[in-house]
Amino acid sequence: MAAVAASASFSIKDFFKSFMLWELAKGMALTGRYTFRRKVTVQFPEEKTPLSPRFRGLHALRRYENGEERCIACKLCEAVCPAVAITIESDVRADGSRRTTRYDIDLTKCIFCGFCEESCPVDSIVETPIFEYHGEKRGDLYFTKDMLLAVGDRYEPEIAAAKAADAKYR
């Protein structure tokens, strides 16, 4: 008798909903609505989405206007890097200041967190808006000081513009 009372709670409406595959019909209706909407797919090589001025891409080392390297070999970026991707060696100049002799970034280790850029007291290391680069071998993504300076020299106007646009938020 108790079994009959328990099955009585299952109504005829519920039976038709389950028998007629109501959930399947609702799912197909939802799929149909999205089928005829405007597509949001970006055809990447031809179309590009706008980048934020804070986008963190390929690293670069900057120079002062007189051509001197900005890096003072304080090694803060090396110390703060959570991935241990930065290696710095330095020498003392005749005037007592330090300058880097070796500044390497292993991009296979780098997580592009931006801590190196934030910790730099002279804005020497920056992350550029460049995200289209690749390496065919593991060593291709190991950037030396000369390579980083070349990137900085080539993209200095863009880097300076991004820094200026972001200055009021820092």
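Residue numbering: from 1, along the chain as shown.
Cβ coordinates are placed from backbone N, Cα and C, and glycine is handled just like the others.
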Which single residue out of C74, C81 does Swiss-Prot record at the [4Fe-4S] cluster 2 site shared with C110, C113, C116? C81
So which other residues, same chain and not among C71, C74, C77, C120, have a Cβ within 8 Å of the centroid of the Cβ atoms at the [4Fe-4S] cluster 1 site? I72, A73, K75, L76, E78, I88, C116, S119, P121, V122, S124, I125
Neighbour count, 10 Å Cβ-Cβ cut-off, for C113 ([4Fe-4S] cluster 2 binding site): what number do you get? 15
Check C116 ([4Fe-4S] cluster 2 binding site) against DSSP and tell me helix, strand or coil, would you? helix
Work through the binding-site residues one by one (C110, C113, C116) and name whichever has its CA nearest to the CA of C77 ([4Fe-4S] cluster 1 binding site). C116
Contact set of the domain '4Fe-4S ferredoxin-type 1' (62-91) with the rest of its chain, CB cutoff 8 A exclusive, min separation 6+ beyond the ends, reads 97-107, 109-111, 113, 115-126, 149, 152-153, 156, 159
Outside the domain '4Fe-4S ferredoxin-type 2' (101-130), at least 6 residues beyond either end, the same-chain residues with a Cβ under 8 Å of its Cβ set are 51, 55-62, 69-72, 74, 76-77, 79-91, 138, 141-145, 148, 151-152, 155, 158-159, 162-163
